[in-house]
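Engineer: Here you go, one structure.
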Amino acid sequence: MNNASTVGSKIRDIAGRIGGIRVPDFLFGMIFILGRYDLGLPLPIDVVLMALAITVSTFVRPTIKVWGLGYYALLWLGMLSWVISVSIYLNQPWEQRSLRWFLLVLFSMCIAQGRILWPSFIAGYAFGLLAINIPVNSTSLRSPGYQGYLVGFLGDKNVAGLVYAVVGILALAVLRSTRTKMIVVLAFAVALFFTGSRTSMMAFAAGCVWIFVRNRLALFLRLFIALMGWMGIRWVEENLARVGVFSDRMGTDWFRGIIEVATAAKVNASPWYGNGLGTAWVMISENRRMWFHDSYAALRIEGGIPLFLAVVGLFVFVVWGLTDQRTETSDNQAIVEGAAVTVLVCAWKLGEVFFTVPAFVVIGISLCVRYGSPVTVESETSRHNAVAGPVLSQSRGRSIYGVLG
């Protein structure tokens, strides 16, 4: 009973700092920390959770009208058709992986339309990562392996790094005071350190830097900062990645190097249209197969040049908005752009980043914040009147029934 009271008081405190939450969406976000937990089910838990969230969302009226959402759906319809066709042509199994991609797209659209209220979802996700997943890491419930690292329910230290980095950035968008934001940044930075994922640490730092400079610099200077930041990240990886507390990574980095060489060879040998779904792996020995540690190479190998250009272009120009000429934008948009930077950096040295829940949450929030506008009762009434005639005209003049929290 006391534990329930404590959790309840924490949730009420979060609600006060955020300015109100929608409890079902908060709980959905909190449960998503179980997404990669192994319960022995035939499907990953995050697939089940996405299917459940999408099903529930069909009964929730959209509160956001997103400009260009149809084009977004057409893009993914085209890409899914493409990779499935390539997979069938090359006799590669495609059903399970294409189902995951399909659910990710629908899930991001539910977020974009406000069917899932993203501030509440992110608040729950962040709360779960800090208040539940960290304590669980010290119990027998934690995922097996990676002893000494913060994993909790997340299964893998690099997955944990990706999730903590992306959600840690997005959590800034649901907090009010600068002091609270600084505390959250510090908390997630410490958590990231204990995941041991160096790439995710650099990605988190890059995202924070982008948020800081976004509304302070003109487009040309932002592009210059992006270029210098990329060069700086590469320099750190080449010169400082095995310094200090990371000096014991020589063996794992040597093994990663072998995977990278094999990855490059496989990509160079693949046709321009790719090798089909589920082929982003290499054989290190006669009986040891390893997944790519490079999400860009995974795009190229699974769907060829078309998939690579579509996904990277989506993240760089639509989600990040790298060439956006506006000097000032909303705080939320700057934060989502920072989260996009985090995803793009993580994808450099981590496998399967682009087709994860955190990545598509970033896409959904970006579509909502950058291209969305609240749906008003007036616009809904006009739409219904066009179909049902004057019977519904009495509903005109009401206030907005749903906006972002």
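Using the three backbone atoms N, Cα and C, a Cβ is placed for every residue, glycine included.
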Engineer: Suppose you had to name the range TrEMBL annotates as transmembrane segment; which of 39-59, 354-374 would you pick?
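Structural biologist: That would be 39-59, the stretch labelled transmembrane segment in TrEMBL.
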Engineer: Counting only pairs 6 or more apart in sequence, are there at least 3 Cβ pairs under 8 Å between the transmembrane segment (102-132) and the transmembrane segment (39-59)?
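Structural biologist: With 3 or more qualifying Cβ pairs, these stretches touch.
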Engineer: Assess whether the transmembrane segment (71-90) lies in contact with the transmembrane segment (182-213), where contact requires at least three Cβ pairs under 8 Å among residues 6 or more apart in sequence.
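Structural biologist: They do not touch: fewer than three Cβ pairs between the two stretches lie under 8 Å.
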Engineer: Quick test of the contact rule: Cβ under 8 Å, at least six residues beyond the ends. What residues does that give for the transmembrane segment (297-322)?
Structural biologist: 75, 78-79, 82-83, 86, 222-223, 226, 263-264, 266-267, 270-280, 333, 336-337, 340-341, 343-344, 351-352, 354, 362-363, 366, 370
Engineer: Which residues of the chain, 6 or more past the ends of the transmembrane segment (39-59), have a CB below 8 A from one of its CBs?
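Structural biologist: Here the qualifying positions are 24, 28, 31-32, 96, 99-100, 103-104, 106-107, 110, 115-116, 357.
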